[in-house]
Amino acid sequence: MNLMRLLRGDTDAPEWYDFPGGVHPPENKTQSLRGPIAEFPLQEEYVVPLNQHIGAVSVPVVEVGESVLTGQVIAEAAGFISAPAHAPTSGTVTAIEDRPVPHPSGLTTGCIIIRADGHDTWRPRTPWAHLQDHHHTDLLARIQNAGLTGLGGASFPTAVKLAADRNHVDTLIVNGTECEPYITADHALMRERPQQILRGIEVAHELYDFRRILIGVEDNKPDAVSALRRALTAIPAELEARIELRVFPTRYPSGGEKQLVYLLTGQEVPAGGLPTDLGMLCHNVGTLAALADAVFDDRPLISRITTLTGNQLPWQGNIEVRLGTDIRTILDWAGYQPDPNRAERIIMGGPMMGFALDQRQLPLVKATNCLLVPTEQELPTPPPAKPCIRCGQCEQVCPAGLLPQQLMWFAQSHEWDKAESHHLFDCIECGACAYVCPSHIPLVQYYRFAKGSIRREQAEHRQSERARLRFEARQARLEREAAEKEARRRQRAEAARARQAEQATTPTADSSPADPVAAAVARSKARKQASQSAAGRATATVSPGAPELTREQLSARLDSQRRRLEKAEAKLAAAAPEHQKAMETTVSKLREQIHKTEQQLADRPEREA
Amino acid sequence: MLTPSSPHAVGNQSVQQVMFSVWAATLPGFAALIWFFGWGYLINAVLAVATALVAEAIILRLRRRPVWFFLGDGSALLTAWLLALALPPLAPWWIPVIGTLAAIVFAKHLYGGLGNNPFNPAMVGYAVLLISFPVEMTTRWGIPAALATEAHSLLDSARVIFAGLRVDPALVDGMTMATPLDVYKNDIATLDAAELRAEPLFSAGWRVYGWEWVSGLYLLGGLYLLWRRIITWHIPVAVLGSLTLLALLFSWNPDLRVPVDLHLLGGATMLGAFFIATDPVSAATSNRGKLVFGAGIGILIYVIRTWGNYPDAVAFAVLLMNFAAPLIDHYTRPRVYGEGRS
C-alpha cells in the first residue's frame, strides 16, 4: 500500500498500487518518437517462420510453386496452443525449408519463403460492420484464423487467451505500459491509432461482457494518454462507462503482466498461476489493435509496428512492416553502417529483456517489437564481473520479492532444490537485479542456467521413471506368461494322461477283461506320468510317442527367440525416446513369433500322438 | 558477433564506487578525530592502509588471482581504513599493522577473499588486538586537545607511536587516556553522576569532549550513504533503536550506569551502526533480516558494555551477530509475489 496515501488519510480506492522494487534506467524513448509511424516498403522476398508463437509449430498448407494472395493462410495451427501463419503479400512460394530465425538459441526453423509479385493482391475479404450480427463461435473462429499472438513480446496465441472461461472473467487489463527503455511501438500506436485499440477492446468486451476495463499507461506518455482520452469520448457510453484509463509513475518493470495486475488492482497473481485465476485477462494495446483489424476488416496478422532505435541507426522511429521482412533490409533502409572496429550488437526487444541477434539476415517475426542497434557509448559492454559483495541492491529492486543473490549462490553451487525453494521459478527475468549490481554479475544468466538445469533434470527423472515402470511391467508380464505356460502344460499333460489311460485300458478290456497285471502297469504308468508333469519339469515329455528331433528343434528355436526378445526388451528400456517406436515394433514382432512357435510346440504332440 | 545475454543495459554503480563512497562518508568524522585527538589517527590510517595493500597484493599473488583487478576494488583499503578509525590513536605502530594483517589475511582471504568472509574483517582485526594486547588497546586513547596541558605536533604523535615509552614516558602519559565510556563506567562506582559530570573530561561540554562531534559527523556520513542508497536504513535504525531502548530502560539512573547520551555519542556506536554493521558481506541480507541483525547488535553492545568487561563493545557485538546472520537469513525470507495471498 502507499504509505503517503495512508498518511494523507486518503482512503478512496487508489489510482494505482505501489509494487515493490523496480529500477529507473534511462528511458531513451524520444529519439524514436519524432515522426509518425512509417509504412515500410514492400520487398521482393518474405521468409515466414512456422514458429512465431509460443506452442506447437504450425503446419504448412501450401506447396512450393503455389501462388498465394496477401492474407492467405499458408500454415495452419497445429493443436490448441498454436497459431496459423499468413502470406504477408501476394506471390509465389519458392521454398519451404529451414532458415535461421530470430531466437536466442540461434537454431534454424522451418520457414515458408514467398517471392512477391509486387501487386500485393488481397485474398477476398468479408469485413464485419457490427459484432452483434455475428455469433460468438464465428467471432472466435475468426480470431483463431487470424494468427494473432501477444504483440508485447511473449507471442502467446491470442485466441487461446480469449478462450478462457467466460463466467469466470470480469476484468480486462489493457497493457499500454511499455516500460522497457527505447521501445515506442505501443506508444506510437496509442498516439496515432487509439480508436483501433478501443475497437479491439470492444471485440473482447463482446466476448466477455467485462465489469471493468482498466487501461494502464506510464506517465512518460502524456500524448498517448490524451489521444486515448479523446478517443474514449467517441465510443458507446455503455462501454465507456466501464473503461478506466489509469496513469502511474514510470518505473521498470511496471509493464510485466504480474506487476501491472498489482499496480492496477492491488491483487497478486498466485505463484504459478495466471491472471485468469483472479478473473482478469491481460492484453497488450498492440494485440487489441490487431484484434480489431482481424475482426472488423478481416485482416489477419501480417504486419506489425516495430521500433527502430539506437544511435547506430541514422533513422530512428517506428515502422509498420510486413512479417517476414529481412531484418538486414530494414536496417539498411534505416541507414545502418556496421562499425568495422567493433563487434556488432543488434538487439531484438529492449535493452533489459531483449536478446542479441547472432546475424542480420533474419526474418522479422510477430514478436519483433523493437530492433535496437546501440553504440558502445549508449550501452557499454559490462565490465568483467567481480565477486558478489552481498550489498543487497538486487533484493531492493526485485519486483517479485525474491532474494536474487541467494539464487545466484544456489545456481553457482548447483543446489537446485534450494533454488526452487527460494522461488526461482517466480523470477520473471526482468533484469532489474543485474542492472543495479555493482559487481556487474550477469545474474539473469545464472537464473536461466538454473531453470534450464532443473527442467532438464526433471525431464531426465521423468524418463527414468518411465523406464522403471516399463521394466516392472515387463517383469510382471514375463512372470504372468510363465505361469500361463505352466498352466497350459499342465492341461496338456492331463489330457495326454487321460488319453493314455484310455489307450491302455481299452485294449485290455477288449482282449482280456481279467488281466489285472496289464491294468496295474497301465495305471502305474499313468500315475508316473501325472506326477512327472505335476513336478513341473520343463523337459517333461508330454507324449512319449512324439518324435524327439522336431520338438527339440522347435524348443531350440523358441529358446533363441526368447533370448532375442529379452535383449530387445532390455534395449527398449534403455532406448532414447526417438528410438522407442522402432524398438517397440521389433519387440511386438518377436512376441508374435514366440507365440507362433509356442503354439506349434503345443500342437505338435497332439498331432503326432 | 557478440550475443550477450539480457539485460544489455547496466547501471552506473560499481564495487569501486561503493567502497569509495563509504570511505568518503567517513571523512568528516575522520577530520574531527584528528581535530580533537591529534595526528595519531592519520598515522594509524597510513600504516593500516599500507599494510592492507601490501598484504592483499601478496596474498592475491599467492592465490593466483589477478592482483590489480582485485586490488583496485578498494575493499582492502576500506577494511584497513575502518579498522584505523576504531583503533586507539596513540597505540604502538605494530598495533594497526597486526590488526590489518589479521583482517586481510585471516578474516578475508583465508575465507576466499572479497564477498566470502563470514565475519567483518575490520572487527576481526580489532578483536584479535583487544584480546591479545588489552593494555595498549585501552590506555592509548587520545586526550581531547582542549584538555591536554600542551599542544602536540605530528612529530610528538609519531614519537609516541613508533618509539613509545622508551623515548619519553611523560610524553605518552601527557597524550593518552582511556575513553569516556571507560572512564564513566569505572568512576561511577565511586562517584555520583553530578560529580563525574564536573570532571574536566565531561564538564566542558560540546567544545571539549570531542566524541559527540565525531559521532555526529559519522551520523552525517551515514545519512549521505542512505541518500546515495548504498546502505538501507534497516541496520542503523535497528542498532541505534535497540541500544537507545535498552539504555532508557536500564540506565535511567546516571548514578548507577552509563547514560543513554554517552552510549550513543561517547564511543564507536555511530561508526558501528552506519559503517561497520552495514558491511553487506557479513550482515543479514533481507530487509527484515537486517532489522533483526541490527537489533541484535544494539542489544549486545548494551549488554557487553553494561555487564561485560569491555568498555566499548561494537566489535564483539558485530562479530557475534555475524555468526547469526545465516540463521537470520534463513528465517526472514521476504514474501514472494503471489505467495500466500490470492
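Placement of Cβ uses the backbone N, Cα and C atoms for every residue, glycine included.
Within its own chain, B:Thr179 (FMN phosphoryl threonine) has B:Thr138, B:Trp141, B:Trp211, B:Gly266, B:Gly267, B:Pro311, B:Asp312 as residues 6 or more apart in sequence whose C-beta sits under 8 angstroms from its own. A coil conformation is recorded for B:Thr179 (FMN phosphoryl threonine) in the three-state DSSP classification, outside any helix or strand. As annotated by TrEMBL, FMN phosphoryl threonine applies to B:Thr179.
If you look up TrEMBL, you'll see B:30-55 (among others) marked as transmembrane segment.
The feature transmembrane segment is assigned by TrEMBL to B:67-87 (among others). Same-chain residues lying 6+ beyond the ends of the transmembrane segment (B:67-87) with a Cβ under 8 Å from its Cβ atoms: 15-16, 19-20, 22-23, 26, 29-30, 33, 41, 44-45, 47-49, 51-53, 55-57, 60-61, 95-96, 99-100, 103-104, 108, 113-114, 121-122, 125-126, 129, 137, 268, 271, 275-276, 314-315.
Summarising the annotation, TrEMBL assigns transmembrane segment to B:93-111 (among others). Sequence-distant contacts of the transmembrane segment (B:93-111), counting only residues of its own chain at least 6 positions beyond either end whose CB sits under 8 Å from a CB of the stretch, comprise 43-44, 47-48, 51-52, 55-56, 59-60, 63, 76, 79-80, 83-84, 87, 117-122, 124-126, 128-129, 132-133, 136-137, 140, 161-162.
Positions annotated as transmembrane segment by TrEMBL: B:123-143 (among others).
For B:208-226 (among others), the entry in TrEMBL reads transmembrane segment.
Annotation source TrEMBL lists transmembrane segment at B:233-252 (among others).
According to TrEMBL, the feature transmembrane segment maps to B:258-277 (among others). Outside the transmembrane segment (B:258-277) by six or more residues, the chain places 22, 25-26, 29, 82, 85-86, 120, 122-123, 179-181, 184-185, 188, 193, 211-212, 214-216, 218-219, 221-222, 225, 231, 235-236, 239-240, 243-244, 247-248, 251, 283, 293-294, 297-298, 301-302, 305-306, 311-312, 314-315, 317-318, 321 with a CB less than 8 A from a CB of the stretch.
The feature transmembrane segment is assigned by TrEMBL to B:289-307 (among others).
Listed by sequence, the residues of this chain that lie at least six past the ends of the transmembrane segment (B:313-332) yet keep a Cβ under 8 A from its Cβ atoms are 86, 118-120, 123-124, 126-127, 130, 267-269, 271-272, 276-277, 282-286, 288-289, 292-293, 296-301, 303-305. Residues or ranges marked as transmembrane segment in TrEMBL: B:313-332 (among others).
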When you scan the chain for residues with a C-beta under 8 Å from the transmembrane segment (B:289-307), skipping those not six or more beyond its ends, what do you find?
181, 185, 232, 234-247, 250-251, 257-258, 263, 267, 269, 272-273, 277, 283, 313-314, 316-318, 320-321, 324-325, 328-329, 331-332
Hey, which bits of the same chain come close to the transmembrane segment (B:208-226), Cβ under 8 Å, at least six residues off its ends?
21-22, 25-29, 31-33, 35-37, 144-147, 179-180, 200-202, 232-233, 236, 261, 264-267, 269-271, 273-275, 278
